[in-house]
Structures are given as C-alpha cells and as structure tokens.
Ligand code: KG4
Ligand code: ZN
C-alpha cells in the first residue's frame, strides 16, 4: 500500500510517500526559515500563505522523483498546530482524496512524532516510555500500544524546543535556534555556569523551562566573548538535558519499563542522545530509540506511516471537523478507536 503524507501543522510544508513494504520512498520538506528570520519568528498568516505556495510544487516534485502513478491512501496532519496552517494541508488532502476517490485519514502530529522512530527500528515493541520534545511540546508518555497513550508529564510553560529557540535568540543565533545553539555548545565547557534543573524535586513529572530561560538571560547580559557564549550554551543544554532525563528516569521506574523512545525536533540533539543512551544502559539495561535526523523535525513521512498503521488496524481517529488545533494524543485513546 502506498500512502501519501501531508504535513502543514506549523511552518514546514512536508509531502512524502510511505510504502508499506519498501518504507519511505520520498520525503520532502520546505522550511520557512528565511521568512521566519526576517520576521523574528513565525507569523501564522504568512506561514499558511507559504504552505499554499509550496504544497502543489512539492507534490509535483515527489511524483517526478519517484515516477509513482497511484496512491492508495492519503494521511494529513489534522492537529495540533496553527489552525491556518493545518487548514491548508487538510483542505488539500481532502480535495485530492475526493477527486481520486481514495480514503483520507486525519493524523495527530504528536502521534506522528512519537511513532516516527519505528520507521528506522522495525523492532520497537510496545510498551515503552516516549519522551516527546518538540518546539511546542515536552511530554512523557506511557505508550501501551497504538492509540493507547497515558500522559505522565507535560510542560507547564515553554516547551524544551521553545526554550532552545529563545535562548538561541538571546545569544544572537538564527531561527530555529536549537541546532545552532547545540553547535555553539559543542565548543563550551560542561556546566561552566550551573543553571537550575526546574521541578526535579516535585513529585510529578511535569516540566517548566521558562524560569531557566530567564535565569540564562540574566547571565548572558554579563558575558560577551564567543567562548562565554559557548559556555552559556553548553551549560543551558546541560540543564535542559539533565532535567529531561531525571524525569524520564522516574517515569521508567514508575512503570517498571526499560524501553525509551525519544521523538520530536529536540531528539536530534546529539548530547541528549548520548546521555540518554548512557542512562538507559546503566540504570535499566534497556534500549533507547529515535528517528533518523531527517525524521526528527516536522515531516510528512511520519504522518504517512501513522496513517498506514491506523488504516491497517481500522483505528482511524474520528474527527467531526477537518482540523483540531488543540488535539492531545490522549484524546486518541481509547474512545476514538
Ligand atoms: O518537532 P519540531 O520540528 O516542531 C514542532 O512540532 O514543534 O521541533 C522543532 C524544535 C525547534 O524548537 C528546534 O529548535 C528544535 O526542535 N531542535 C533542536 C535541535 N534540532 C531541532 N533542539 C535542540 N537541539 C537540536 N539539535
Ligand atoms: Zn512537530
């Protein structure tokens, strides 16, 4: 079965084809980084207009690259995300499905991230703990099976990726700041500045990164050299990663599970990967999995893949509207199945 995936939840336009026997055949993403840098961030109205420009072009491109003539299913991101951006992909997907007379499945963007590592490791088995770290979400999820999700921890304010982006901006780096900050941090001294690890002594598994960002902002004012900035970047990265892994470790112990999946844009962070691997090996003798670097940030391959899984198991999420901008993955289970 060939599934066309369409992703337009935020500022990246993604189009991909997933083949259930061969895997991802093509995966194209157009980012809007130039526009975002010019405007100092994402402007929803402009992001949706850009999606309109890119989507037809990208679709033609992937059919040219693969020479594929037929698709069997269309999966699109229905939420969570910016409503004006979501509507572009949703309208496009539904119109295409209608004109080609093929089924269309609405997919939850965070479920796409959560299961994206399965595209690389066919052996990931349920249950596992999912650490979802993106630009808008920081969640610890107990994943019992497809569609059976339990949120153990959530972010109360800035998500991990958002904190990376904001601190990067304070350091004078370009959007999206996460990869740039991480690159700068690689020249910095570990824990040169000791920044707080927010909420690690709370009994719950929630996160709050806005205070950490404020704390870093105060230090940035007093240090100006490139080496100072690298030390600040590294110390901030250390604080975020420590916090994420302390809470993740608690979740693994709580559930008595030993398999971890890290997904979402921040899962591309190499220090996070390294430290998660050390933790899982030492404390749990377990495994940690993440998607390939091209599948960590927003893409349509993960949407096509989850579309296939849901269609195959007749577990299509029910939506009475085209898009759902605030759509938590816990709403997917178990009643929607
Ligand atoms: O999952 P994603 O593409 O979009 C959302 O669904 O939000 O995540 C984007 C986020 C951005 O905040 C970006 O700065 C962050 O992921 N990110 C990183 C890295 N690569 C992307 N953060 C830290 N280190 C990285 N290497
Ligand atoms: Zn995302």
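Any Cβ shown, glycine's included, is placed from N, Cα and C.
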Exercise for review: According to TrEMBL, 109, 113 bind Fe cation; identify which of 298, 320 is listed for that same site.
Suggested key: 298
Check your understanding: Which candidate from 112, 178, 286 does TrEMBL annotate alongside 132, 133, 134, 135, 136, 165, 269 at the substrate binding site?
Key -> 178
Exercise for review: Note down the number of other Cβ atoms within 10 Å of the Cβ of residue 133 (substrate binding site), including every protein chain shown.
Suggested key: 31
Point to revise | DSSP state at residue 113 (Fe cation binding site), helix/strand/coil | key: helix
Point to revise | Residue, out of the binding-site residues 109, 113, 136, whose Cβ gathers the largest set of other Cβ atoms within 10 Å | key: 113
Revision key, fill the gap. What remains of the binding-site residues 132, 133, 135, 269 after requiring a CB under 6 angstroms from ligand 1 is 135, 269
Review point. Which residue, out of the binding-site residues 135, 178, shows the minimum number of other Cβ atoms inside 10 Å of its Cβ in this structure?
Key: 135
Exercise for review: With residue 178 (substrate binding site) as the reference Cα, tell me which of the binding-site residues 109, 113, 298 is the closest one.
Suggested key: 298
Revision key, fill the gap. From 109, 113, 298 (binding-site residues), the ones whose CA sits within 10 A of residue 132 (substrate binding site) are 113
